[in-house]
Amino acid sequence: MSGVLVVLEQRAGTWNKMSFEALAAGQQLAAELGVGLSAAVVGEGLQALGGWSSSGKVDAAYAVEHALLKEYTADGYVAALEQLVKKVAPAYVVFPHTYQVRDFAPALATRFWQVLISDVVAIHDGPVFVRQLLQGKLNADYKQTGAGPCFVSVQAGSFRAAEAEVAVAMETFAPALEASQIRNKPGELFRESAQTVDLSVAPVIVSVGRGIGEQENIGLVEELAAALGAELAASRPICDNGWLPMERQVGSSGQTVSPKLYLAVGISGAIQHLVGMKGSKAVIAINKDENAPIFEVADYGVVGDLFEVVPALTKAVREAKG
Amino acid sequence: MKILVAIKQVPERDAQIHVAADGKWIDESDLNYTINEPDAYALEEALQLKEKNGGEVVVVCAGPERVTSTLREALAKGADRAIHIEADDLGERDTLGVAQILADAMKAESPDLILTGLQSDDLGLGQTGVVLAELLGMPHATLIMHVEVTGSGLKVKRELEDGWFQHVEMPLPALLTIQSGGNKLRYATLMGIKKAKTKETKTVTPSAAAGAQAIALERVYLPEKQKKTEMLTGSPAEVAAKIVEKLKFEVRVI
């Protein structure tokens with residue numbers, strides 16, 4: 001058992017770009033260990049997928065093909081990948097930490113009596129897998145202690161995507177699957193409503209989190225956003241509570257933004273939120289907890305009571321704009 | 001319909017976290033604990049399903065004596081019964097080890113449906129539910145926003161990335177991990193708190209001692225800053241003036 005196998009993700013013939021970040025993580029791991037790197041993708045009609053390898057560093061590639069894999073199901077993916085992992089016998093299996101992977105990879109790991117080391121943000125010599133605990137307040141080093149293949153998923157934005165240049169011919173791997181093995185019936189993908197707010201193009205965003213406490217207090221942040229000519233955004237709990245519409249949510253389940261300025265008010269900065277706003281050019285954070293993870297990515301930080309700082313800032317911005 | 005809800009007790013979000021002296025976990029001495037928030041959404045979904053379809057809601061939690069406070073809170077919100085898997089050694093069990101003791105306690109109940117949160121606020125591995133389903137041989141679906149009981153099983157709404165959703169139909173018994181935001185969380189009423197005192201909490205001991213782990217948490221530590229953060233201090237007015245300076249001359253948005 002040796003080598004690194006990266007499982008890439010596609011849906012309806014389109015790559016999930018996080019796949020190439022996982023590929024980069026796999027390359028790093030394979031280089032560190034001095035072992036080979038292979039890659040796999042699951043579905044139907046995969047040979048039609050465009051170039052995907054990375055500078056010829058991938059030794060082998062597998063198209064895991066079956067009519068029953070046309071649509072994603074956990075049962076289909078687990079059964080197919082179990083067979084592929086047994087054939088390839090890698091020491092490490094690396095996934096992008098997508099919603100799809102979260103759905104099936106833990107079950108796949110269980111088939112091998114292993115535990116998925118999920119949401120990894122860095123890989124150090126050892127190999128040691130770094131992931132976050134307690135909403136990003138702490139980092140933790142994990143190591144595999146089991147004897148089987150080690151399953152790892154990689155957090156979005158943690159590895160620079162490997163370049164997709166050289167196409168390596170994919171070897172077709174046809175798993176044995178029966179329709180009766182697949183218990184779930186997936187339906188069509190849909191969106192609730194047309195997104196009317198495109199936060200991805202906003203140059204200035206004022207974003208509000210749990211620290212705001214009550215719905216009535218949102219107005220305070222709204223005023224600051226208005227003074228700055230900014231779009232108003234929020235972290236997930238604010239939208240879950242219905243205080244702002246879901247379409248204003250920034251994070252892994254919301255929109256990804258990259259404004260000139262991201263002003264985070266009362267946002268602690270859990271990993272799911274940071275994923276959506278890490279690309280901001282400048283980040284200012286106002287939070288009462290000096291250890292809040294948001295300060296790890298902020299250019300300017302204010303440890304203080306937002307109910308005092310925000311009104312003062314709104315006033316100062318209005319005066320500055322005259 | 002018999003619904004089991006796997007819940008976890010975790011440190012409160014506002015808790016000041018300190019690394020323990022051995023650097024392997026956090027100092028637990030001064031922490032306050034609460035229900036893992038995603039699990040609170042799972043409990044809410046279970047209570048609403050019971051209100052619509054009848055049946056029973058049983059909450060299950062593994063952990064030391066202190067987790068009984070979280071079980072009592074779940075009973076006060078409307079769960080019918082509680083099962084406490086008494087285990088002081090959860091730190092020596094990885095996801096598979098914890099899922100195994102949950103699976104053993106749940107098997108005896110022959111549930112129609114098992115619900116749990118999509119991940120925990122402390123470890124955040126996001127897989128106990130999926131592993132549990134695999135151990136119990138049940139179909140599962142994750143990140144669920146809405147559950148509908150149909151003639152033949154369930155129709156659920158899964159959240160995908162980028163504002164996409166998908167309906168999935170599945171047979172029972174099944175396991176779902178619940179995403180936040182599908183429902184509003186309820187508070188325990190005074191009446192609920194009174195009633196909870198008369199409800200049954202069964203204590204069971206884990207079927208197996210903690211064994212060899214597949215993965216080990218070697219070290220916990222404060223994250224290194226990714227950026228050099230300039231902290232702005234002073235009175236609110238002073239801080240505001242400093243921010244405006246930055247907005248004018250460095251960030252250049254004013």
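The backbone N, Cα and C atoms fix where each Cβ goes, and this holds for glycine too.
Remember, predicted model here, so these are calculated numbers, not experimental data.
As annotated by TrEMBL, domain 'Electron transfer flavoprotein alpha/beta-subunit N-terminal' applies to A:4-186. Here TrEMBL flags A:Arg210, A:235-236, A:249-253, A:266-273, A:Asn287 as FAD binding site.
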Taking A:Gln249, A:Ile267, A:His273 as the binding-site residues, those within reach of chain B by Cβ under 8 Å are none
Note: in the chain of A:Gln249 (FAD binding site), residues six or more apart in sequence with C-beta under 8 angstroms of its C-beta are A:Ala233, A:Ala234, A:Ser235, A:Arg236, A:Ile238, A:Cys239, A:Gln255
Excluding its own, the Cβ atoms lying within 10 Å of the Cβ of A:Arg210 (FAD binding site) add up to 17
In the domain 'Electron transfer flavoprotein alpha/beta-subunit N-terminal' (A:4-186), averaged pLDDT is 92
Students should find that the Cβ of A:His273 (FAD binding site) has, within 10 Å, a number of other Cβ atoms equal to 29
Among the binding-site residues A:Ile267, A:Ala270, the one whose Cβ has the most other Cβ atoms within 10 Å is A:Ile267
In the three-state DSSP scheme, A:Gln249 (FAD binding site) belongs to strand
Reading the DSSP string in three states, the entry for A:Arg210 (FAD binding site) is helix
